[in-house]
Amino acid sequence: MISRQKIAVIVAGGSGQRMGSATPKQFLSLAGKPVLYHTIAAFKAAYDDMHIILVVPEAHKTQIAHVLTAFDRPPSVTLVDGGETRFHSVRNGLQVIRGEAVVFVHDGVRPLVSPSLIRTCHEEALVQGSAVPAIELKDSIREVDDEGNMAADRSRFRIIQTPQTFLSELLIPAFEQPYEPLFTDEATVVERMGHDIHLVQGEEQNIKITRPADLAIAAAFLAGQ
């Protein structure tokens, strides 16, 4: 049996707008290294044979080069241009994959993902076809519409994280569908093809760096390790 490739498609096309910074958030400093460095390092630590496809805007490629030179042993990386939306960016990344693979699609600004979670996603995807990290809600939630709002049972809902992980033969054909605004993540795209989505337990620390408070939380977590 031929071993499947392990490929991480890391989408790193964000801006610093919500961070109130001129520097794109994936390049902001976190514990002395760019946010994106920590993200790549987690995948590199999970598996020695991990190949990384970085999906980035053309304008950021010089900064990406600086991130990669920070590694003592540079990871195996392919750079791919980003697209108009996340869907199109991920599609661009998938188009360079050849052969069967387990594909991890991850937000470049989730630097606290653990190698353990990455390995769990890999193992579960091999068996189930997919593995999407999810965590329980802690707060009460309400459903809102034009007529008002009403209580909702939070036990029926999950917060979805990345890496959203799939066998390539499920994920790549799914991204040949025409784009729809409801495609907010990879799971919704694959689900539209009629496939079930297998959830795995996510991690509380696997936050997405979006606002200044998120960066402070991530720094505190790393300082405590």
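Glycine is treated like the rest: Cβ placed from N, Cα and C.
According to TrEMBL, the protein has these features:
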| type | residues | note |
| --- | --- | --- |
| SITE | R18 | site 'Transition state stabilizer' |
| SITE | K25 | site 'Transition state stabilizer' |
| SITE | R154 | site 'Positions MEP for the nucleophilic attack' |
| SITE | K208 | site 'Positions MEP for the nucleophilic attack' |
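Overlay of TrEMBL feature records on the structure.
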{"residue": "K25", "record": "site 'Transition state stabilizer'", "Cβ neighbours (10 Å)": "26"}
{"residue": "R154", "record": "site 'Positions MEP for the nucleophilic attack'", "Cβ neighbours (10 Å)": "14"}
{"residue": "K208", "record": "site 'Positions MEP for the nucleophilic attack'", "Cβ neighbours (10 Å)": "17"}
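A distance of 10 Å separates the Cα atom of K208 (site 'Positions MEP for the nucleophilic attack') from that of K25 (site 'Transition state stabilizer'). R154 (site 'Positions MEP for the nucleophilic attack') and K25 (site 'Transition state stabilizer') have their C-alpha atoms 31 Å apart, to the nearest angstrom.
Under DSSP, K208 (site 'Positions MEP for the nucleophilic attack') is assigned to coil, being neither helix nor strand in the three-state scheme.
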